[in-house]
Amino acid sequence: MEDKMGSECEGPEMSLVCLTDFQEHAREHLSKSTRDFIEGGADDSVTRDENIAAFKRIRLRPRYLRDVSEVDTRTTIQGEEISAPICIAPTGFHCLVWPDGEMSTARAAQAAGICYITSTFASCSLEDIVIAAPEGLRWFQLYAHPDLQLNKQLIQRVESLGFKALVITLDAPVCGNRRHDIRNQLRKNLTLTDLQLPKKGNSIPYFQMTPISTSLCWNDLSWFQSITRLPIILKGILTKEDAELAVKHKVQGIIVSNHGGRQLDEVLASIDALTEVVAAVKGKIEVYLDGGVRTGNDVLKALALGARCIFLGRPILWGLAYKGEHGVKEVLNILTNEFHTSMALTGCRSVAEINRNLIQFSRL
């Protein structure tokens with residue numbers, strides 16, 4: 001493979017068989033600034049890398065002599081059935097890696113029968129995303145704006161468009177110190193026209209146009225609850241103290257997340273934070289996880305530790321960069337098949353049978 005995509009790829013396409021294959025393909029084909037934006041972490045990227053490494057310190061304890069001729073990966077989140085506990089996390093600017101951007105992502109999620117959380121920083125309009133995948137299960141991720149009225153207008157808009165939950169990101173009152181983006185002057189160069197927003201000729205830098213509130217507090221949640229009927233999910237919780245507050249404030253779910261290691265570096269890996277959050281909520285609300293999931297075993301481990309489902313971030317963008325909607329479908333299909341295999345090989349015939357007894361923490 002002298003030029004990385006040699007003659008064997010000019011006929012039949014190279015077979016990508018795991019999520020890291022898609023990562024390698026994206027590294028070879030995306031521009032440096034886009035690649036850095038997707039892959040970059042905060043500061044030394046300790047947490048970004050630890051998100052993946054932490055999964056590998058967990059070992060599986062399989063049970064055998066069980067009838068696994070039928071294995072069912074289906075589950076529910078907020079009462080809605082999904083085909084597998086593998087959904088799409090909110091990431092922005094999908095048009096950086098594929099012309100149809102979030103429209104392709106939404107179509108892939110709809111085809112897979114799973115949930116797609118659309119980002120505040122989507123590069124396609126919410127209306128176009130809904131038109132692209134009208135039957136898909138969609139949640140909306142909100143970066144709270146300092147202007148409450150703008151928040152209200154946006155929330156009412158997503159509610160009228162059929163989004164089924166409001167995901168409020170908590171861990172970005174200020175932007176993390178992302179060195180690659182600073183070197184590449186990304187915030188200066190990333191504009192709405194670069195992102196090909198429909199019917200927009202605006203070239204105002206996106207990060208300037210959409211400021212994020214630095215004053216959002218727990219007491220503000222009651223205002224959000226007063227203006228929407230949507231269930232509210234809090235994204236970015238890593239501690240039992242905040243998990244207990246989430247229950248106290250009567251939200252409907254938590255996404256255990258460290259923003260892919262892009263915000264505060266040297267915090268716990270998501271999978272390491274999951275146990276204390278699950279223990280703190282005592283089954284009163286659903287808990288989900290994002291960060292570091294790369295294999296079907298990772299999905300199984302997250303569920304064994306109490307996650308209702310996992311959400312994928314970077315791997316979705318790698319799939320999108322590969323073949324748009326079809327690339328995202330492939331990523332989801334590979335991970336779901338791996339998860340199905342992991343279930344069968346540990347003796348689990350349904351998601352309900354996945355439990356803490358299936359794993360132990362390694363001393364490595």
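Each Cβ is built from the backbone N, Cα and C atoms, and glycine gets one as well.
Quick look at what TrEMBL lists:
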ACT_SITE  HIS259  active site, proton acceptor
BINDING   90-92, SER119, GLN141, THR169, LYS235, SER257, 290-294, 313-314  FMN binding site
BINDING   TYR143, ARG178, HIS259, ARG262  glyoxylate binding site
DOMAIN    11-364  domain 'FMN hydroxy acid dehydrogenase'
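Taking the Cα atom of each, ARG178 (glyoxylate binding site) and the residue listed as 'active site, proton acceptor' are about 12 angstrom apart. Take TYR143, ARG178, HIS259, ARG262, the residues named in the record as contacts for glyoxylate: the widest Cα to Cα gap among them comes to 18 Å.
Neighbour counts were taken at the CB atom with a 10 A radius for the binding-site residues PRO90, GLY92, GLY292; the maximum falls on GLY292.
When the recorded positions TYR143, HIS259, ARG262 are ranked by how far their Cα is from the Cα of ASP290 (FMN binding site), HIS259 comes first. Reported as a whole number, the C-alpha separation between GLN141 (FMN binding site) and HIS259 (active site, proton acceptor) equals 13 Å. Neighbours of ARG262 (glyoxylate binding site), defined as other CB atoms within 10 A of its CB across all chains, total 24. Residue density at ARG314 (FMN binding site): 22 other Cβ atoms are found within 10 A of its Cβ, drawing on all protein chains shown. Cα separation, ARG314 (FMN binding site) to TYR143 (glyoxylate binding site), rounded: 19 Å. Cα spacing between ARG262 (glyoxylate binding site) and GLY292 (FMN binding site): 12 Å, rounded to the nearest whole number.
The C-beta environment of the residue listed as 'active site, proton acceptor', restricted to residues of the same chain at least 6 apart in sequence and closer than 8 Å, consists of THR169, ASP171, ALA172, GLY176, GLY236, GLY291. Distance from the CA of TYR143 (glyoxylate binding site) to the CA of PRO90 (FMN binding site) is 11 Å. Geometry remark: TYR143 (glyoxylate binding site) versus LYS235 (FMN binding site), CA distance 10 Å. What surrounds the glyoxylate site, by Cβ distance within 8 Å of the Cβ centroid and not counting TYR143, ARG178, HIS259, ARG262, is the set ALA42, ASP171, ALA172, CYS175, GLY176, GLY260, GLN263 from the same chain.
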